[in-house]
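Listed features, source TrEMBL:
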DOMAIN    14-55  domain 'DC1'
DOMAIN    65-114  domain 'DC1'
DOMAIN    125-170  domain 'DC1'
TRANSMEM  235-254  transmembrane segment
Amino acid sequence: MAPIHKNPIQHLIHPNHSLTLFDSNTKYVCDGCKILGIGKRYNCSECDFDLHEYCGTCPMNLSSFLHPFHSLKLVTRMPHGNRQLDRVCNICCDSIEGLFYRCELCEFDVHPLCTQLPQTLRHVLHQVHPLRLLSSSESKTCVICKEACNASSWRYRCALCEFDIHMECMLIQCEKEKTWLGISKYVPPSTFPRTQYFAGHAYEIPYSNHNHNDMPHPHPHCPVQSDHGRTRRRIGKIIIFILVKAITTALILGM
């Protein structure tokens, strides 16, 4: 790994040694939030300890549009043997295993990485209005994969046009086609291969019930049961990281 010339940091969950920012095009598991990562990370070479860039510098208290009612506090999960119950992220529905933000009053929990998802985005399939990341009480259909955006699940949405896209389906590349007038427009992809690639690394999008010929059988990361008894779609921890990186990179590049 190549060190990046930034000042080393100290972190509350690794107090004995400082952490240096390194860049390497390899996978790792963040020792803070326990979510996979690729590329840059804060590292203690002496202990083989890694943190996502954001997990290394995220604030102890956070105000977020994801939970505008109260400030969120950075906390750490107890070891498995000391836990009284499991926790899942209210945004991506995947399990919480390490560092996370919490509102104790509302029992709202969220991965640090999930707080980095932008509130608004534009998409080539709906260029007339921005899409907002929100949780809806309505069950709608994702315009990309044609599967349900279940009630209470978070998605990118234009409420005015009732246009919904799963968070993970924002990673799917749409196709261009020409109308009978010769005008180019974007359309959802005609095929949905399970395997996608980011920075040369393969990952899988959790489709489930497509009727396309090349679709896989139901993926184990699709529905999970929420703590309120509703079935919601879990997107998978590698996709959380890739989603945040891909979207924020696109925003920086003005894509």
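The count begins at 1 with the first shown residue.
Even glycines carry a Cβ here, placed using N, Cα and C.
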Which residue counts does DSSP yield for the domain 'DC1' (65-114) in the helix, strand and coil classes, in that order? 5 helix, 15 strand, 30 coil
In the domain 'DC1' (125-170), averaged pLDDT is 90
